[in-house]
Amino acid sequence: MFGEHGFFILACYGVSALALGSLALWIFADGRLVRRRLTELEARGVRRRSAGRIDA
Amino acid sequence: MALMDLANPTRFLALSGRVLPWLTGLALATLALGFFLAFRAPEDYQQGETVRIMYIHVPFAWLAMFGYSMLAASALGILVWRHPLADVAHKAMAPIGAVFAFLCLFTGSLWGRPMWGTYWVWDARLTSMLVLLLLYLGLLALRSAIEDPNQAGRAAAVLSLVGFVNVPIVKFSVDWWNTLHQPASVFRMDGPTIHSSLLWPLMICAIGFTLLMLALHMAAMRNEIYRRRLRVLEARAAAEAAYA
């Protein structure tokens, strides 16, 4: 596949997919962790002063 | 809604929560189309099949510079307007830009071996791109080395503004110096020198990767806003526990 330079082409695409996939997974997992800890604190009654008029 | 109204963390969270799934979907669909066209495009008459590396290497290079330009713009927001969302945007972009800069160097190195006969040369383009990666890594290290988040944000903003001088050096290095790396072939005063059968897939891949970078940045900014809220709540919980 891709002739004599197939290794170079596949390695470029493979490592790029791995790096970008890992970055996306890290961001996704980080967001889940932070939001879970935030929810736990809020469940214990600790809230931001402006919590009544937020949104998100 | 005025632009400045959006520069409010709560509004940003509400808006980005609606936009992010669409932006991610659009990025992936554009990349799928780009790769489909890239692998159907003809071989280059000189480079053969290795021209397929261009469809990822070139967008990575552009976006590594674009990411650093966004860092520099955010740095102005931190230092001039002291806006908290600018600091959030700055902090969120550094690891993403570092990954794009690394991938630019990695794919360029693997492209260089069959075309130039070497993985690396210390020419101006490659060296200035390596400096860009080191700047990204330096920003990450600086932020983690300073405990006070405000002080860390200001220090990182100053470093990113100083380092911005490297971005035009990366871009024009192939014009200013005699390099092994080829000169610009897309954004030129006299128009692109790439045939349209290769140029269109390249541009679609570039748009797809740009949308992907924006989606990752938006998601990372949301995480950082939540992290700052968590920090406030943890401090409040600790204070309440101390008084109890």
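If you go along the chain as it appears here, the first residue is 1 and each next one adds 1.
Glycine is treated like the rest: Cβ placed from N, Cα and C.
As written in TrEMBL, here are the features:
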- B:6-181: domain 'Cytochrome c assembly protein' (DOMAIN)
- B:20-39: transmembrane segment (TRANSMEM)
- B:59-81: transmembrane segment (TRANSMEM)
- B:93-112: transmembrane segment (TRANSMEM)
- B:124-143: transmembrane segment (TRANSMEM)
- B:155-178: transmembrane segment (TRANSMEM)
- B:198-221: transmembrane segment (TRANSMEM)
Okay, the transmembrane segment (B:20-39) and the transmembrane segment (B:93-112): do they have at least three CB pairs under 8 Å, pairs separated by 6 or more? no
With the cut-off at Cβ under 8 Å and a gap of six or more residues from its ends, the chain residues touching the transmembrane segment (B:59-81) are 87, 89-90, 93-94, 96-97, 100-101, 103-104, 107-108, 129, 132-133, 135-136, 139, 153-154, 156-158, 160-161, 163-164, 166-167, 170-171, 202, 205-206, 208-210, 213, 217
Looking only at the domain 'Cytochrome c assembly protein' (B:6-181), mean pLDDT returns 94
